[in-house]
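Going by TrEMBL, these are the annotated features:
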{"type": "BINDING", "residues": "30-37, 147-150, Val176, 184-187", "note": "ATP binding site"}
{"type": "ACT_SITE", "residues": "His37", "note": "active site, proton donor"}
{"type": "BINDING", "residues": "Gln61", "note": "beta-alanine binding site"}
{"type": "BINDING", "residues": "Gln61, Gln153", "note": "(R)-pantoate binding site"}
Amino acid sequence: MERYDTIDALRAALGRARQTGRSIGLVPTMGYLHAGHLELVRRARAENDITVVSIFVNPTQFAPSEDFSTYPRDMERDLALLAQSGVDAVFTPGVEEMYPQPLQTTISLKPLGDILIGKVRPGHFSGVATVVAKLFNIVQPTRAYFGEKDFQQLTVIRRMVDDLNVPVEIVGVPTVREVDGLAMSSRNVRLSPQDRQAARVLSKALFEGAAMIEAGESDAAGILAKMTARIVAEPGVTLRSLDICDARDLAPVETIDRPVVVLVTAEVGPVLLIDQREARPA
Ligand code: AMP
């Protein structure tokens with residue numbers, strides 16, 4: 001496995017691979033890797049000749065009040081995990097390398113980037129779409145891998161690629177969970193033991209909501225009310241958003257008559273957690 005800190009060095013290495021017609025799979029991450037990230041890596045390796053993982057905690061997707069400075073980081077451990085996982089190249093640019101000058105060009109999706117988590121985190125998806133576009137231009141991957149856990153992010157990236165004719169195939173990977181259902185996240189490490197217990201309510205409520213939909217309940221408001229009651233009853237959990245949306249474009253759904261995704265955002269102790277579950281009506 002080779003590690004590259006600069007765009008030029010990575011491009012030179014990948015240019016040689018590309019000339020020989022080899023496919024490149026890209027897995028963008030912010031590091032502090034867990035089994036969810038490694039599942040993306042596994043898929044990328046299975047479907048491409050070369051697998052590139054980027055590790056970059058992107059400052060432009062964090063608001064000043066958010067957790068950029070306390071976001072967990074452990075580069076040595078991440079590199080060891082990726083080497084064990086058979087990754088070919090790791091791209092670990094510093095902030096200066098990615099943003100040598102203030103950007104005048106950014107990508108914003110309207111309304112997709114402003115709804116749901118975009119309301120809780122204004123500007124977040126513009127930061128994400130712009131850095132992912134930069135990574136696509138730097139790596140020029142054949143395929144890029146994103147987790148369904150960050151469902152709105154996956155939808156934003158798919159739409160950006162469609163809108164701007166970016167020649168990359170986007171692959172969504174199902175959420176990897178802890179044994180008790182909690183979606184794996186780098187931020188879980190910041191949960192106290194008590195918060196960690198409380199956080200289970202999110203995946204449980206999602207599971208129950210999906211079960212109601214799959215059993216034929218079609219009134220979204222009724223399902224959301226039951227889920228809300230379950231979540232707000234859990235001490236230490238502050239519900240920030242809970243929605244049932246069209247699984248393709250995240251449009252709000254009142255009567256569930258098509259595949260949907262149930263999306264939750266909640267603060268558990270000091271940590272903002274998100275989770276999702278897709279469901280099809282009976
Ligand atoms: P992050 O490092 O949190 O930016 O995540 C990097 C990529 O891993 C994103 O595409 C995430 O959606 C994906 N990811 C994070 N957690 C999980 C998980 N539990 N299961 C599957 N994919 C995940």
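Just so you know, glycine gets a Cβ as well, placed from its N, Cα and C.
Features as recorded by TrEMBL, highlighted on the structure.
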{"residue": "Met30", "record": "ATP binding site", "Cβ contacts under 8 Å, 6 or more apart": "Ile55, Phe56, Val57, Asn58, Tyr71, Ser186"}
{"residue": "Leu33", "record": "ATP binding site", "Cβ contacts under 8 Å, 6 or more apart": "Arg77, Asp78, Leu81, Leu82, Ser186"}
{"residue": "Gly36", "record": "ATP binding site", "Cβ contacts under 8 Å, 6 or more apart": "Gly147, Lys149, Thr175, Val176, Ala183, Met184, Ser185"}
{"residue": "His37", "record": "active site, proton donor", "Cβ contacts under 8 Å, 6 or more apart": "Val27, Thr29, Val53"}
{"residue": "Gln61", "record": "beta-alanine binding site", "Cβ contacts under 8 Å, 6 or more apart": "Gly123, His124, Phe125, Gly127, Val128, Val131"}
{"residue": "Glu148", "record": "ATP binding site", "Cβ contacts under 8 Å, 6 or more apart": "Leu154, Gly172, Val173, Pro174, Thr175, Gln276, Glu278"}
{"residue": "Gln153", "record": "(R)-pantoate binding site", "Cβ contacts under 8 Å, 6 or more apart": "Phe125, Val128, Phe146"}
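Only Gly36 of the binding-site residues listed as Leu33, Gly36, Gln61 bring a Cβ under 6 Å of any atom of ligand 1; the order follows the sequence.
There are 17 other CB atoms within 10 A of the CB of Val176 (ATP binding site), with all protein chains counted. The Cβ of Ser186 (ATP binding site) has 19 neighbouring Cβ atoms from other residues within 10 Å, across all protein chains displayed.
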